[in-house]
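Chemist: Features from Swiss-Prot:
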- 130: active site (ACT_SITE)
- 87, 129, 133: Fe cation binding site (BINDING)
């Protein structure tokens, strides 16, 4: 089922999401709906708060294969890259954001197994973006000045 994507101004986007305690049918159905919604919206990632559920669940489109991560936690970050990001919850806006180039993170899969993952490049950026949603952080909160040099008038 395609879900409504919550937009900037919705209070659920600004609160810390709750840990998933049990991966049951309700969680699996939510993940299915999130993947369908992400694909329908041409997104590369989606976090549960974006569809109105305050749960620590993200889905990402990895090489055309959507993957769900339950209770993701970034353990290590390395390197720094500045690039523009958009967000389904902040339509029509792209802002420059510094992100780690490489990350190591852990998360549970849909069977409840905790695994460690390495990600780099775009995938690392998407995961950091979606984990931000779980912390109540939007791209406008992370945006950096486009230039640190300004001409004085």
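Just so it is clear, glycine is given a Cβ too, placed from its N, Cα and C backbone atoms.
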Chemist: Looking only at C-alpha atoms, tell me how far residue 87 (Fe cation binding site) is from the residue listed as 'active site', rounded to the nearest Å.
Modeler: 10
Chemist: For the recorded Fe cation site formed by 87, 129, 133, name the remaining residues of the chain with Cβ within 8 Å of the site's Cβ center, in chain order.
Modeler: 45, 47, 50, 85, 88, 89, 130, 132, 138, 139
Chemist: Counting only residues 6+ away in sequence within the same chain, which have a CB under 8 Å from the CB of residue 130 (active site)?
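Modeler: Long-range Cβ contacts: 45, 46, 47, 58, 59, 60, 72.
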Chemist: Through the lens of DSSP with three states only, how would you label residue 87 (Fe cation binding site)?
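Modeler: Looking at the DSSP assignment, residue 87 (Fe cation binding site) belongs to a strand.
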Chemist: Can you name the residues of this chain that are 6 or more positions from residue 133 (Fe cation binding site) yet have a C-beta less than 8 Å from its C-beta?
Modeler: 13, 17, 47, 49, 50, 58, 89
